[in-house]
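See below for the structure under consideration.
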Amino acid sequence: MVCPRAALGPGALWAAAWGVLLLTVPAGAQRGRKKVVHVLEGESGSVVVQTAPGQVVSHRGGTIVLPCRYHYEAAAHDHDGVRLKWTKVVDPLAFADVFVALGPQHRAFGSYRGRAELQGDGPGDASLVLRNVTLQDYGRYECEVTNELEDDTGMVKLDLEGVVFPYHPRGGRYKLTFTEAQRACVEQDGILASAEQLHAAWRDGLDWCNAGWLRDGSVQYPVSQPREPCGGLGGAGSAGTGGGTASGGVRNYGYRHNAEERYDAFCFTSNLPGRVFFLKPLRPVPFSGAARACAARGAAVAKVGQLFAAWKLQLLDRCTAGWLADGSARYPIVNPRARCGGRRPGVRSLGFPDATRRLFGVYCYRAPGAPDPAPGGWGWGWAGGGGWAGGARDPAAWTPLRV
């Protein structure tokens, strides 16, 4: 549920809590690892909430504790009638319910059901344990503690380890509205990157001379190697090293009309639960045969975000182009060499080749626990013989064959 914060007063929130507290936390639930944090305290009120400064960091699939503690300025209060509520900031004035607790009654909301619970480390602990972290969990969370008509709040930022990658579809550059950019990132196993994530990627060397949407509705692009076609040599309109005759930075177009203007997208993805691998049949396959080739190995054609995650986080290095799920052909380079596209590491792109004429291998993604039904020593062809990949027969009829 998403609602403007200003629309609910303290009385309405208190009354609503009794109507939604339906679920309880399993007594034997596993606790996350404890960590020592410094705290920031509220300035007034008898209830004082303390949260971690800066941010806490996790990765997709991980478990994280969002730290929050509270105490009373007067010793006369007890903890029995306290309501604890966690919400996520989805817009400057809008919050999504995450978790609420009043005494022994607890409830998690939406995608947080089954994943969120209170840490419960003694009186005054309102910390939230979040398991199986997803890409969508990234962002800012508010911890609110209410006792009758007195309340206080604290903010916790959850960051994720991962990689930012630029993206545009087969139709070409500057074809995506804001909503289409959001959808494109999800389809490629990512989410729209935040301005903070793009700035961190720029500090790590990301250089991309095409503007793209970010999750806050702004349009920006990172320039590590300044040149005239990419915002010039000076620092005007950029965030980073500032002015000068040859300064890089993150060039910023500001907030754009999200339904009419079109740009590329900057997506973010995190740790992969499975594995990306390169499959090279006896002969390269057209795009129409890529899905069947991966399926015969218990896998699916890898998405762009999965290849970037495998390159950045699993150090996948392969100097051979392969099909990806969106119809593009790319390859990941961890150790640069001259014959593999230049002196910088990265995921090289050959764009969107003709799916019927250009032949490549394929990058596949196998989910955790999925078996490989055709371990090494297999090729692709027809059980009746008479041809191999790239021949005249229908690739939909391919089966794995021992070679």
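Glycine too: its Cβ is placed from the backbone N, Cα and C atoms.
TrEMBL: automatically predicted annotations, no manual curation.
Here is what TrEMBL records for this protein:
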{"type": "DISULFID", "residues": "CYS209-CYS230", "note": "disulfide bond"}
{"type": "DISULFID", "residues": "CYS319-CYS340", "note": "disulfide bond"}
{"type": "DOMAIN", "residues": "46-161", "note": "domain 'Ig-like'"}
{"type": "DOMAIN", "residues": "163-269", "note": "domain 'Link'"}
{"type": "DOMAIN", "residues": "274-366", "note": "domain 'Link'"}
{"type": "SIGNAL", "residues": "1-29", "note": "signal peptide"}
Nearest-integer angstrom distance between the alpha carbons (Cα) of CYS230 (disulfide bond) and CYS340 (disulfide bond): 25
Local Cβ density at CYS209 (disulfide bond) - other Cβ atoms counted within 10 Å: 14
Helix-strand-coil residue split for the domain 'Link' (163-269), DSSP-based: 22 helix, 35 strand, 50 coil
Disulfide-bonded residues: CYS230, CYS319, CYS340 - member with fewest neighbouring CB atoms within 10 Å: CYS319
DSSP residue counts for the domain 'Ig-like' (46-161), split into helix, strand and coil: 6 helix, 65 strand, 45 coil
Distance [Cα-Cα, Å, rounded] between CYS209 (disulfide bond) and CYS319 (disulfide bond): 24
